[in-house]
Amino acid sequence: MTHQTHAYHMVNPSPWPLTGALSALLLTSGLMMWFHFNNPTLLVLGLLTNLISSYQWWRDIVREGTYQGHHTKVVQKGLRYGMVLFIISEVFFFLGFFWAFYHSSLAPTPELGGCWPPTGISPLNPLEVPLLNTSILLASGVSITWSHHSLMEGNRKQMIQALMITIALGLYFTALQAMEYYESSFTISDGVYGSTFFVATGFHGLHVIIGTTFLITCLLRQLLYHFTSNHHFGFEAAAWYWHFVDVVWLFLYVSIYWWGS
């Protein structure tokens, strides 16, 4: 390694952006093949290659930051800006789903029976599983904050306990959401109501799964003593992402489950 006189991390050539992009292509193509031709082969292949690429890329970043010391204050500042911009892009991503929902529900067309929910649709009761899911995510927001503060105070035991509680709540939320989908009386193909409901809540559910994976990675890293009280951006990014998922759910609950029913 040559001597450098700046604090920036000059990243080595990596194959993971290329394999990640190709796996994303397989994933989206596979999703269309599954929806239209009931053939999940390409989707499974896309999922596997995406998971492998993500794991390898994440592993390299952990090595660079933890063992090679590349994540200086300047690099961490850049990573923070990157995470903030990523979350802003996600806000606009979900904004599109809310736009589609309100566009369809505020002025229902004659094809929908001129009412919302459309004729023939039995919406889910917002005071049952959706309300429980809201409580779970709010509780997980409290526990992730507890975990973060414990880490900053150097309380390793409480940090691990709080993080495990957050992960358990995330898994519980996912299980309840899957049960809700299974028992729902309508599907994604039941007109604009089914489409907007399942796409919006489904993408949120996917974000919960990604966030839970992020937190599990942080738990493993904490068990391996990767984090210190003043050097833990990986965990901080996971906490930001989790809070974003919490806030999106509140808007989904109020809009689609409560007002939309």
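A Cβ is built for glycine as well, from the same backbone N, Cα and C atoms used for every other residue.
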Residue pair His9, Leu106: same membrane side in Swiss-Prot: no
Residue distribution over DSSP helix, strand and coil in the topological domain 'Mitochondrial intermembrane' (257-261): 3 helix, 0 strand, 2 coil
Segment-level pLDDT (mean, integer) for the topological domain 'Mitochondrial matrix' (224-232): 90
Cβ-based contact of the transmembrane segment (191-223) with the transmembrane segment (16-34), 3 or more pairs under 8 Å: no
When counting Cβ pairs under 8 Å to the transmembrane segment (16-34), the leader among 41-66, 73-105, 129-152, 233-256: 41-66
